[in-house]
Structures are given as structure tokens and as C-alpha cells.
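Chemist: According to TrEMBL, the domain 'Fumarylacetoacetase-like C-terminal' annotation covers 73-322. Per TrEMBL, Ca(2+) binding site is recorded for E109, E111, D144. According to TrEMBL, the Mg(2+) binding site annotation covers D144, K164, T168. The substrate binding site annotation in TrEMBL covers Q151, Y155, T260.
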Amino acid sequence: MSWVQIPQNSHFTIDNLPYGVFSTATNPTHRIGVAIGDFILDLKAIHHLFDDPKLLKSGEHVLTKPILNDFMTSSVVVSGTPIRRPNGQTKDDNATNPSFGPCRLLDFELEMAFFVGGEGNQLGQPIPIAKAEDNIFGMVLMNDWSARDIQKWEYVPLGPFLSKNFGTTISPWIVTTEALKPFRTTPFKQDPEPLDYLKDKNDFSLDINLTVDLKPANGQPTTITKTNFNYMYWTIKQQLAHHTITGCNVRPGDLLASGTISGPEPESFGSMLELTWRGTKPLTLADGSQRKFIQDGDEVILSGFCEKEGVRIGFGECRGVVLPSLSI
């Protein structure tokens, strides 16, 4: 029971008290609170900065181990922060030399991410998969903005860098693993069988419904993706166990992402690259306009929730509007 009035279909019910950092006009000090309904309950704790080791679901040997890339924490921003179209080097297939200019193939990636909790681990001491859950605090929505044409040119031999360092948007409230327990599911069947350090008989995935809306400037949003976190090949426990298997230390507040969440059907794909099949099959929006990739003024809105036996746990929204590139 709660004395706070909670709107019907709210993402933040009494069953879901997510954590987040906030401040007010009269008290600008950053502190931690929990969301319930349309209110924030102040816990008056300290605001910690977050690291962002980012896990990607791509590359060679994807079925034998999770693939890892590290990215800048400085450009991780909260929902509602505008994202500027980046400039960079690109090279057309028929061009002799690369050229410099605004990204032409701007994309979103529907992801989720989890914050490390617990005590973390000491340098040189891996976290066994059986203890991984003790070091996972909670989850957020994530949009890993991507410049596909810049990415294509820089990808070989060391992978993406400038194509993904200009902005990563996360939802403002961290939904705890405790709140998500009723929505655990059997993990994706892995073939080939993972190595022993990635096996855990108590491992789980999560039934999280995910949606992406695309809203053009001065237009109405169009739902372009409906998918589920349960499609992920690797579990969050496997990701943390693999990340630390070399003895890499993690600390409370570190952020690890899932990689793009795509289902088996076209309407469940988690990026414009997949939804438009590399721009060959444009999407038609509610206002009749078409999109191959994200245009200036477009707003990408991620949302997610779990629902079972009348209990609904929401993540809120993860949104960002695209600003034009700077003239350099």
C-alpha cells in the first residue's frame, strides 16, 4: 500500500521503486531518489559518476563468447539530452580516398544496460558467474547512437571508435534486479555450448517488452520496433563473468550494455540498419514521410516494461532528438 497516488499504467508502481540521481531548482545538489508514480522520494545519498564498459553483440566468434568494446563515459547522457549529428571521415565504395563531413547514415541501437553493484572485485580477481548476480544492481534502457558510414570506414582493423563516441542515451531510472525477479525466463539455448566459466544452472534471461518510436520534427511518433530482451543470446551474468575473467576489476556504478536487441522478425529489429535493410527498404512514418536513417529533428524514443499477473514494472522512456552537425 502507498500513500502516493499512482496513475493507472504508470511505469513506477509500488512494485517498482527505481533509483536515479536528481536535483531541484531550490536544492541543486545531486542526490539519489526513487520514483513512485509521478513523484520522486528523496534518499539524500551521494551522486556517483559512472564508468561505461560497453558490451557489443557483434564480431567474430559471437557464439563462443560475448564481444567487448570499451567506450567514452563522458558522452553518456540522460534521456531528453539532444544529440548532435557528428562529423567524421567516410569513404564511399567507389571513392579512391576518404572524405570529411557530416554523418549521412545516423542510426540508433536499441539496447539495455546494467549497473554494477555490490562490492565489485579486486584487480586480478575474476567474478565467478555463480556470484555475478551479487554484483548487478539494476538495469536501464540505452540508445547507443551510431554513425554507420563513419563506422564502416573505421571498423577494420580495431573496430568502432568515433562512430560511437558522440552520444549514448540512457533512461533516468535504474530498475533493480530485485524488482525484475518475477519476470525471469529461461535463457536463449546456446549452441555451441559455452565454456565452463560461462555456465550456471541458475542463469536467467528477462521478459522485458521493448518499443522504439520515431518522431519527426513537428510530427507524430510512429512505432517502428517491438521486441523483447529475452531474444538476447548472452545473459547479463555471462557478460559480467566474461568481462572480469582476465581479472579486470569493476566498481559499483560501472555500466555494461547488452548490444543491439533484435528479434527474429523484421518488425523486431533494433536499429535502422536492420529495419531498412541498409537503406534499401525505407520505413514509412505516420505522416507519410520515409526514412532510411535518422534525419535532423527526428526524435528516437525507447520504452520498456515487464508485465505478469497484474504486476507491471516500467523503465520509463529513453529519448533524444537529433541536432544538425556543426560546420567545421
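Here the Cβ of each residue, glycine as well, is placed from N, Cα and C on the backbone.
Where the annotation comes from TrEMBL, it is an automatic prediction and has not been curated.
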Chemist: For E109 (Ca(2+) binding site) and K164 (Mg(2+) binding site), what Cα-Cα distance in Å is obtained after rounding to a whole number?
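Modeler: On Cα coordinates alone, these residues lie 10 Å apart.
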Chemist: For T168 (Mg(2+) binding site), identify the closest of the binding-site residues E111, D144, Q151, Y155, T260, judging by Cα separation.
Modeler: D144
Chemist: Mean pLDDT over the domain 'Fumarylacetoacetase-like C-terminal' (73-322): what is the value?
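Modeler: A mean pLDDT of 94 is what the model gives the domain 'Fumarylacetoacetase-like C-terminal' (73-322).
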Chemist: Would you identify the secondary structure of Q151 (substrate binding site) according to DSSP, in three states?
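Modeler: In the DSSP reduction, Q151 (substrate binding site) maps to helix.
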Chemist: Taking the centroid of the Cβ atoms of E109, E111, D144 as the Ca(2+) site, which other residues of that chain lie with their Cβ within 8 Å of it, listed in sequence order?
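Modeler: Other same-chain residues with Cβ inside the cutoff are F108, L110, M142, N143, W145, S146, T168, A257, S258, G259, T260, G270, S271.
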Chemist: Check the Cα distances from E111 (Ca(2+) binding site) to each of the binding-site residues Q151, Y155, K164, T260 and keep only the ones within 10 Å.
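Modeler: Cα filter at 10 Å returns T260.
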Chemist: Roughly how many Å lie between the Cα atoms of T260 (substrate binding site) and D144 (Ca(2+) binding site), rounded to a whole value?
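Modeler: Here the two Cα atoms are 8 Å apart.
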Chemist: Tally every other Cβ atom lying within 10 Å of the Cβ atom of K164 (Mg(2+) binding site).
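Modeler: There are 24 of them.
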Chemist: When you measure from the Cβ of E109 (Ca(2+) binding site), how many other Cβ atoms are you left with inside 10 Å?
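Modeler: Cβ-Cβ neighbours of E109 (Ca(2+) binding site) within 10 Å number 27.
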Chemist: Compare the C-alpha of D144 (Ca(2+) binding site) with the C-alpha of each of the binding-site residues Q151, Y155, K164, and give the closest one.
Modeler: K164
Chemist: For K164 (Mg(2+) binding site), what is the secondary structure by DSSP, using just helix, strand and coil?
Modeler: coil
Chemist: Would you count the other CB atoms within 10 A of the CB of Q151 (substrate binding site), including those on all shown protein chains?
Modeler: 21
Chemist: I'm trying to understand the geometry here, so how far is the Cα atom of Q151 (substrate binding site) from the Cα atom of K164 (Mg(2+) binding site), in Å to the nearest whole number?
Modeler: 8
Chemist: Sorry to bug you, but what's the C-alpha spacing from K164 (Mg(2+) binding site) to Y155 (substrate binding site), rounded to the closest Å?
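Modeler: If we compare the Cα positions of Y155 (substrate binding site) and K164 (Mg(2+) binding site), the gap is 11 Å.
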Chemist: What does DSSP say about T260 (substrate binding site): helix, strand or coil?
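Modeler: SS state of T260 (substrate binding site) = coil.
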